[in-house]
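Asker: So that we are looking at the same thing, I have put the structure below in structure tokens.
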Amino acid sequence: MIIHNLGIKDYTEIWEQMKEFTAVRDSNSYDELWLLEHYPVYTQGQAGKPEHVLNPNSIKIVQSDRGGQVTYHGPGQLVAYVLMDIRRRNLGIRTLVAKLEEILISVLEHYRIPANIRSGAPGVYVGEKKIASIGLRVKNGCTYHGIALNVNMDLSPFLGINPCGFAKMEMTQMSHFHPNIQLEEVSQHFVQYFLTQFK
């Protein structure tokens, strides 16, 4: 597993790089984890419906090829893209999603933030509020896209959409529990727990 810390990047640029990486990889290619933040952007998943974008204002909307509905990415949100040959690892996509949810819950528990999952609504929640989203694409047995964890960001752009297709879905973030939390530190803990699941 190769880990890349990419800083803050344009969504479309990284999406193209993920597709290119996945298209040229072979059975000997290492799996990779890309850690980054994005400039403000709304992304529609393959199941995304236009009516879930309520008021985008000046924020760009990108029609993506990941699973799921519309979400928002912006600075202060930890994005981790999982470029993994799940066929080689004998993993199903549902098992991978469940493992990613476990990793996110472990990170949150490290900070004593009580997190949970919800049946039929992938991602991680604190009470009824969503704190992390998951959206993946599988091509030729290999995944790309991944997770987004709200760390210390401006949540107001989520008000311009129905997050993940749920009307009035409230969002939360780690800084509500730890005001001085740093994304870099959270990223390190994410990698630590990720590598306990995936060598």
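Each Cβ is built from the backbone N, Cα and C atoms, and glycine gets one as well.
OK, Swiss-Prot features for this one:
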- 27-199: domain 'BPL/LPL catalytic' (DOMAIN)
- R66, G67, G68, Q69, V70, T71, Y72, H73, S133, I134, G135, G146, I147, A148: substrate binding site (BINDING)
- K130: site 'Lowers pKa of active site Cys' (SITE)
- C164: active site, acyl-thioester intermediate (ACT_SITE)
Asker: Give me the largest Cα to Cα distance among R66, G67, G68, Q69, V70, T71, Y72, H73, S133, I134, G135, G146, I147, A148, the residues the record lists as binding substrate, in Å as a whole number.
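Answerer: Max span of the substrate binding residues, Cα based, is 15 Å.
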Asker: So for R66 (substrate binding site), how many other CB atoms are inside 10 Å of its CB?
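Answerer: Around R66 (substrate binding site), other Cβ atoms within 10 Å: 22.
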Asker: Long-range same-chain neighbours of G135 (substrate binding site), Cβ under 8 Å, sequence gap at least 6?
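Answerer: Expected: G45, S64, R66, G67, G68, T71, P122, H145, G146.
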Asker: With every protein chain in view, how many other Cβ atoms are within 10 Å of the Cβ of G68 (substrate binding site)?
Answerer: 22
Asker: Sorry to bug you, but what's the C-alpha spacing from K130 (site 'Lowers pKa of active site Cys') to I147 (substrate binding site), rounded to the closest Å?
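Answerer: Approximately 13 Å lies between the Cα of I147 (substrate binding site) and that of K130 (site 'Lowers pKa of active site Cys').
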Asker: Among the binding-site residues V70, I147, which residue has its Cβ surrounded by the fewest other Cβ atoms within 10 Å?
Answerer: I147
